[in-house]
Amino acid sequence: MSSTLQSVYQEASPSRQERNALLEGMACTSRVTDLRKYVMLAVASGNGQPRDLQYLVRNPAASDVIYDLLKNSLAIISSKPDGLEYALLTMTYNWFTPERIEQLHELIPLLSSDQYRTFLNIYSDVIYRSQYGQGAYMEITRHLYDAYYPLGFTPWTRRLPTSAKPLTYQLSVQPYIPNQSYMYFTEKNFTYDANITITMQPTQDLTEIWLNSHRHVIEGYSVLNLDTNQTLTVSKVTRDYQNAIIVLTMAATIQANANIQICFNYSGFIFEQTPNEGTLSNYDYLQSDGRKSWIFATDFEGGPSTRSLAPSFDEPIYKAKWQVSIIYPGEFTALSNTLEESTMNLKNGLVKTTFKQTNTMSSYLLALTIGHYSCLKGVSNIDKTIVRIWTWTGMENYGQHALDFAIAAVDHLSATLSTPMPLEKFDILALPQYSGYSAGAMENWGLVIAGYFDVLFHPDYSSSAQLENIQNTVTHELAHHWFGDLVTLDWWNHIFLNEGFATFWPPEILLAKSPEQKNSVLYTKFSIHEHGLDMDDNAASARPVSPDPNLLGPNYCLFCDTVYDKAGSVINTVRNAFGRDAAFYDGLSQYLKTWSFKNPSDTSLWAALDAVANQYRIKGWSGQYLNVTEMMLPYTYQWSGPYLRIISKGNGLYSVGQNPLVPQSNLPYSPYNYRWNIPYRYQINGSSLSSVQYLTSTETSINLNAGANTPVIFNPQGQTHARVQYDDASWAPIYQTFISNPFIFDETSRAQILADSWAFLQKKNSVSWKRFLDLTLYLQKETSPLVWRYVIRDGSWITILYDRFRYQSAVFPNLVTYINKITSGMATPNFTLTNDWSIDTANSLLVDLKCGVSNQECMQKVASSFATFIQQCKNSAYGTGKCNPAPPDFRAAQLCYGVQQSSRDFNTVLSLFQWWQKNPPSNDYFPQDAEFLLNGLSCSQDPGALYELITATLNQQIPSIFLSFVAGNDNLGTILSNYLQTNQSNVLNSPLFDNYIKQMVSDWSTQTQLDFLTNFNATAPLSPSQRNSVQSAINTVSNLMSWLSTEGTPISQWLSNFVASLITPSSTVAP
């Protein structure tokens, strides 16, 4: 090549075209010696032309060669007038990184004043290109990450080796989100720049440092031995993008226990809309004044996790202290886990806030955020800790209830657990789009980040049920500060140590601080117990509280309800087995003291409770003190829970046996063989509960000396995580007591017996439809809000029967009679609040149910309330929140059945709904009334008016939920199908086609309805995807018809006999 280069620059040169082709070809060489000769001939030979350097711009090795020549042979490079310019242009053609700019800085001292002027023009271009190029590079890299590598896993299953432990992190982050204070290149939008300094200690001699790093563009790194102040050489960097791991291979061994510092300069990405965890943004939301704004926030427990923000030891067991700095536009407020240590105005539209160092904590609890925020403040009464509720500006006043609940939680947990929280402040931040939604929350230590719907209460639009939910959410997240933050699980298969206790505590805190809400406490505790059992009742949902760690991965639901409600129910089982709250709480206190700032396993908890059980002499089985470990491992490691099998043998003798709720043949192998040491109590004829008994074998006998007609119930109040199945002989006196005097059983026991009966009916296990429906007749006497909330909840037998029989003309009138009869003991509530959350929620459900079956008293009360609403709201220019006399709890029924009875007011309701559409979208943060009004419109009896709104829905002018409202309120099930017949093209051409068909066939169950669908499928010009939707609808209707042909027969027969018994009392339905 050297001779060819020489010939190109000789006197007898080839043609220009040939010469250029030769130079371009030779410019591709990777040999340094040839590149040096190429450059020197171009800039220094007699016939050399510096512009020939342009052929080197796409050769990455050439820029380093030119740089070396500039440092060592500047005079030769500059010997021709344009030599330096072309050399600099060629060298910097692809330069834009900070490291390359630093190399340019190193040339400056070598330059003369004339050379510096040439250099300065090119340097300015590089600086501009650096800012633009970095952004473009980031955007390209983002697309590559999105296309080829996972967004995240819950959890990541590839573990770091246990060869090192972190001590501290110093993290500085500058996020780029839209703002008014600081301008940046568009390409940097939704990215961040960061640097982190990690101090760590090897636990053994090592040659590799393993860290987690996800979706980072790493621009520089260094490793320093702090003991010797020696920079350590990294010989190789390996990135495992699939598992978000970076490995630094060292040139020499690092000794165990050395103090090592690792530094990274890097950039990363902010998720604009998805996924819903990691470094996230709240996009395009509106402040109270209607201005658009953005928020940067974090959520690291799942998905992309902390490794998406910072290279780190990103596993729960690696606890360390963090100090965070955020550089951000000055218009924003910055928050993190701790209070601010300093804030500095950088004088360029940016502010830098440094936060105090955190306590030792797991990486997933790190939190930082910037946004337009305001807050309410308070101070806890016991520890005098600052408590703040943060929201986006203008929403903070809706946080007063949350603030009160938070202070109550901090006080109660500090006192009850004898463990003050080592924090200066508790912050709860309510976001408009937390993790992409308006609900949910994450327990970051010192900075809970939540969806606003679970924190903020609007007095004009929020219901009692929503207030109950806010209390539960706030106290759940603050309970995590003890169970999850102070003491943290060792690995994710023990997540129940976090979530189970955070589920257990909210009703306990509510009872202690607001005893007037006892009804809500009872319902919440019952719901936890019942939902946990529901999970165990079904092979599809049953799973261990503490699964084998090898099960974890993309196909395992780590954060399913098992680790919340089943775990909460199991923890309550332990508490009740202790029988003394002081002993149980002392055990938890000892557990917290022993494991503060550490990572226990599940057996660590049980061992702490074992010690206290011995200390307090808590009785167990076989004459021993309670062995919590032995009792709890089968409850937490097995896939399903138990039920007690009760058989009356006469003369007061009972057989008590146990079985798994899901047949063992349908469950994975268990070394415990699906047997439990079950603590249980019994109650004879409503007397005091017995002491705790234990069933440790498959079956045992117990003599209770109870007469044949004396009711004996087992597991009263649902104190143990188990259902109870009664044989006919043991059931008969229980049933007779329910019919004659149900109140000798407490309300939780009454609800539990209903729930267990319903569960065994669904499994076709010992309970028939007749036995179950006979039991429900006692509800004529029931007054408990707990029971009625269970009876009318979504998915209850009432709602199932209503939905499945609503188009069965021969049966539905009898079902309506039955519903009116069992609710007859409860007068239709007036549309006012009692301020008892559970009573008010139960009352709202009763109104919906009674009016749904056209109960005369209910319809009259609705008509009166609706008339007042129309009178007071028809001219409102400020929405319906204040002018409506009915509280939010009752507005759905008020507006639906009001419109149903008063067609003349349809247009008034429509205009009030349109107010919500025309006014600023910021109104949508509390959209309850808008939905109530839209639902009310769907109850109109005027098909023409409904057709106009359906057309608007298909044109996406009103929310698509209107279709489900029409389907749910159409008593004949014909509105959507008739519209389809007359407006087929509107439906076929709408993007809502699939949803339309799905809603249209809701609860369809007749042959006529099936024939309509079949004919439509055969004749309509459907696309393949549309045909799939229709076929799916056909299958849905066919399945319901099949259910009615089997299950429907005994139900309809019972209903027929029941109605007949009302006419002829002698034919009363018997057990």
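In case you wondered, yes, glycine gets a Cβ from its N, Cα and C as well.
Pulled from TrEMBL, these are the features on record:
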ACT_SITE  E477  active site, proton acceptor
BINDING   H476, H480, E499  Zn(2+) binding site
DOMAIN    165-365  domain 'Aminopeptidase N-like N-terminal'
DOMAIN    402-632  domain 'Peptidase M1 membrane alanine aminopeptidase'
DOMAIN    712-1037  domain 'ERAP1-like C-terminal'
SITE      Y564  site 'Transition state stabilizer'
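Projection of TrEMBL feature records onto the structure.
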{"residue": "H476", "record": "Zn(2+) binding site", "CB count, 10 Å": "23"}
{"residue": "E477", "record": "active site, proton acceptor", "CB count, 10 Å": "26"}
{"residue": "H480", "record": "Zn(2+) binding site", "CB count, 10 Å": "24"}
{"residue": "E499", "record": "Zn(2+) binding site", "CB count, 10 Å": "27"}
{"residue": "Y564", "record": "site 'Transition state stabilizer'", "CB count, 10 Å": "24"}
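Sitting within 8 Å of the Cβ centre of H476, H480, E499, and not among those site residues for Zn(2+), are the Cβ atoms of E443, E477, A479, F483, G484, N498, F501, A502, T503, Y564.
Checking the recorded positions (E477, H480, E499) against Y564 (site 'Transition state stabilizer') with a 10 Å Cα-Cα cut-off leaves E499. Residue pair the residue listed as 'active site, proton acceptor' / E499 (Zn(2+) binding site) shows a Cα separation of 9 Å.
Across the domain 'ERAP1-like C-terminal' (712-1037), the prediction's mean pLDDT works out to 96.
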